[in-house]
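Novice: Swiss-Prot lists these features:
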COMPBIAS  24-33  compositional bias 'Polar residues'
COMPBIAS  34-45  compositional bias 'Basic and acidic residues'
DOMAIN    46-163  domain 'CUB'
CARBOHYD  N25  N-linked glycosylation site
CARBOHYD  N55  N-linked glycosylation site
REGION    24-45  region 'Disordered'
SIGNAL    1-22  signal peptide
Amino acid sequence: MLLLGLLLLTSALAGQRTGTRAESNLSSKLQLSSDKEQNGVQDPRHERVVTISGNGSIHSPKFPHTYPRNTVLVWRLVAVDENVRIQLTFDERFGLEDPEDDLCKYDFVEVEEPSDGSVLGRWCGSGTVPGKQTSKGNHIRIRFVSDEYFPSEPGFCIHYSIIMPQVTETTSPSVLPPSALSLDLLNNAVTAFSTVEELIRFLEPDRWQIDLDSLYKPTWPLLGKAFLYGKKSKAVNLNLLKEEVKLYSCTPRNFSVSIREELKRTDTIFWPGCLLVKRCGGNCACCLHNCNECQCVPRKVTKKYHEVLQLRPKIGVKGLHKSLTDVALEHHEECDCVCRGNTEG
């Protein structure tokens, strides 16, 4: 009987010690979880929403010391003003577990654009400090992950700030009326407009609709237009590599030119002021001629007519005469490599 009593007493004491140890372990885990959630959200399916109206910062746990293992923290910064953006600046003290094969697989911090779910960047290691990141709207998401191995220090700290929206000018490109501008200044002002309607509104604010309607009425003689499209020759037996060289070496390609400069006209304004033309361009590395240096020159040149809006000062009175007109510009249809300077043979 005495032996049975001793066995029961020993079992009870052992159970008490086991329960105390389990309670202690549970308490430690709860304390660790509380520490993690103090600066973010541990569950990756949830996030801590941080409402901001000014500058501030978030950081890895225990920054600038070694961060804990097995951590997932998610923050979503939301600015109070819906019209602002958020800029993130990383502290120079940055260090996470090094990447493997140039990939941040284990410990990393990443920034996500919530509007479309795109990841702006993922960073780890300690080689370079990540650059500034800016949200598209008034919120941005940050996620920090560490695995169960090799925690590093100092972790990271991200400073956030508010970027106010830029004030857009609703006035015309020039504060002076068109009649008070010189032709060169007026040309610069005209260039800033995107559509004919905006341009006519600027030139004739009181009667712009009438001028715009009359602009397209066929009240003037229609000029002939010679839009010449040369046929591109194709060599059927050329090696593919040589064909690629021909395509990307000395060939006609798109260039934008100023109409006033091309026509050498300083007495009038054209809109649009620039047009695309075909001009010879590229290099002549494989020049077939026996010379020290080759240059790419046009071999066949044609004139093409482009219909544009012409603005000419009225004689004797203020204002501009507006009309649609054709301008002839040179287009290079074929190009060739020739010797620059003196040739030999």
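The backbone N, Cα and C atoms fix where each Cβ goes, glycine too.
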Novice: Average the per-residue pLDDT over the domain 'CUB' (46-163) and send me the rounded value.
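Specialist: Averaged over the domain 'CUB' (46-163), per-residue pLDDT gives 93.
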Novice: Just give the helix, strand and coil counts over the domain 'CUB' (46-163), going by DSSP.
Specialist: 0 helix, 57 strand, 61 coil
Novice: If one looks at the chain holding N55 (N-linked glycosylation site), which residues at least 6 apart in sequence have a CB under 8 angstroms from its CB?
Specialist: H159, Y160, S161, I162
